[in-house]
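For reference, the structure is listed below as structure tokens.
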Amino acid sequence: MRPASTLLDSFIAHRQHGRKALAVLLDPDDFTEAGLRDLLARVAEHPVDYFFVGGSLVLSAHQAALLALLKAHSTVPVLLFPSHSLHLEGPADGLLLLSLISGRNPEFLIGQHVVAAPRLHASGLELLPTGYLLVDSGRPTTASYMSGTAPLPHDKPGIAATTALAGEQLGLRLTYLDAGSGALHPVSAAMIAAVRATVATPLIVGGGLNTAEKLTAALAAGADVVVVGNRIAEEPAFLAAAVAAVRSSVAG
Ligand SMILES: CC(C)=CCC/C(C)=C/CC/C(C)=C/CC/C(C)=C/COP(=O)(O)OP(=O)(O)O
Ligand SMILES: O=P(O)(O)OC[C@@H](O)CO
Ligand SMILES: [Mg+2]
């Protein structure tokens, strides 16, 4: 039976009520267990809305241990953010089922999904079908290199909006605009606004959002959920500023 309230419902509520949200991306390659315990203590003081867990490569072997730690010490919903069907180990609450619709590589449009489908079906994870758009950010990112796809041009909001619309028409429930980990330039306000004006899905934006000002600008342009990875991994104290920026942003 479908639960009364799902993770997807929580994303839709952000969109509908203008309640902006912060997701912290935990790349298993960037966190030790001690580092994660430190971050969890900070999150207790400065609550966040979601943890996304994943990386483009995942060289370390402790993803499952980090997830167990998260589930043991926090009630923040945990979503797997897999770059490959190899990276599905839990425990978690849900999974961003990405289809890389900015690219034309069938492996990341449907191939990985076919391989993963039986395991995902058996996992009990809530699956959130997500139109995933990589956007050019001034330098090649691991995600575009590893997926063998060209990112969307930074200065073409119309292509992003049309791509997101096609994803929505195909039934994808979330839209994720990602400039990629460590992007030099985040997704532009013009592109966020164009996508926001075109699709009704909740809109997640990430990549290179490493200052409070950039977070505020992405939210003001229409992001419902902003994602911070590197800056918090490098400087956990930034969490407080990120949470403050998101909590002080209201829907325009
Ligand atoms: C169906 C399943 C199981 C997976 C879908 C796989 C797809 C379509 C992935 C999209 C392409 C891709 C490579 C996405 C990367 C997503 C991700 C985990 C980004 C976070 O990692 P970063 O922090 O950007 O990367 P680094 O490893 O460079 O730090
Ligand atoms: O690490 P950063 O640059 O914050 O990017 C986060 C995320 O959106 C990348 O997938
Ligand atoms: Mg990373």
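The first residue you see is number 1, and the count goes up from there.
Positions of Cβ are set from backbone N, Cα and C atoms, glycine also.
Database features, via TrEMBL:
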{"type": "BINDING", "residues": "Asp27, Ser56", "note": "Mg(2+) binding site"}
{"type": "BINDING", "residues": "Tyr176, Leu177, Asp178, Ala179, Gly180, Ser181, Gly182, Gly207, Gly208, Gly229, Asn230", "note": "sn-glycerol 1-phosphate binding site"}
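Sequence features annotated in TrEMBL and their locations in the structure.
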| residue | record | Cβ neighbours (10 Å) |
| --- | --- | --- |
| Asp27 | Mg(2+) binding site | 22 |
| Ser56 | Mg(2+) binding site | 18 |
| Tyr176 | sn-glycerol 1-phosphate binding site | 28 |
| Asp178 | sn-glycerol 1-phosphate binding site | 28 |
| Gly180 | sn-glycerol 1-phosphate binding site | 26 |
| Gly182 | sn-glycerol 1-phosphate binding site | 16 |
| Gly208 | sn-glycerol 1-phosphate binding site | 25 |
| Asn230 | sn-glycerol 1-phosphate binding site | 18 |
Among Tyr176, Leu177, Asp178, Ala179, Gly180, Ser181, Gly182, Gly207, Gly208, Gly229, Asn230, the annotated sn-glycerol 1-phosphate contacts, find the widest CA pair distance and round it to a whole Å.
17
Listed in sequence order, the binding-site residues from Asp27, Ser56, Tyr176, Gly208 whose CB sits under 6 Å from ligand 2 are Gly208
CA pair Asp27 (Mg(2+) binding site) / Asn230 (sn-glycerol 1-phosphate binding site), Å rounded to integer, equals 9
Where the criterion is a Cβ under 6 Å from an atom of ligand 3, which of the binding-site residues Asp27, Ser56, Asp178, Gly180, Gly208 meet it?
Asp27
Measure from the CA atom of Ser56 (Mg(2+) binding site) to the CA atom of Gly208 (sn-glycerol 1-phosphate binding site) and give the result in Å, rounded to a whole number.
15
Cβ under 6 Å from an atom of ligand 1: which of these binding-site residues qualify? The list is Asp27, Tyr176, Gly182, Gly208, Asn230.
Asp27
Give the three-state DSSP assignment (helix, strand or coil) for Asn230 (sn-glycerol 1-phosphate binding site).
helix
Should Asp178 (sn-glycerol 1-phosphate binding site) be counted as helix, strand, or coil on the basis of DSSP?
strand
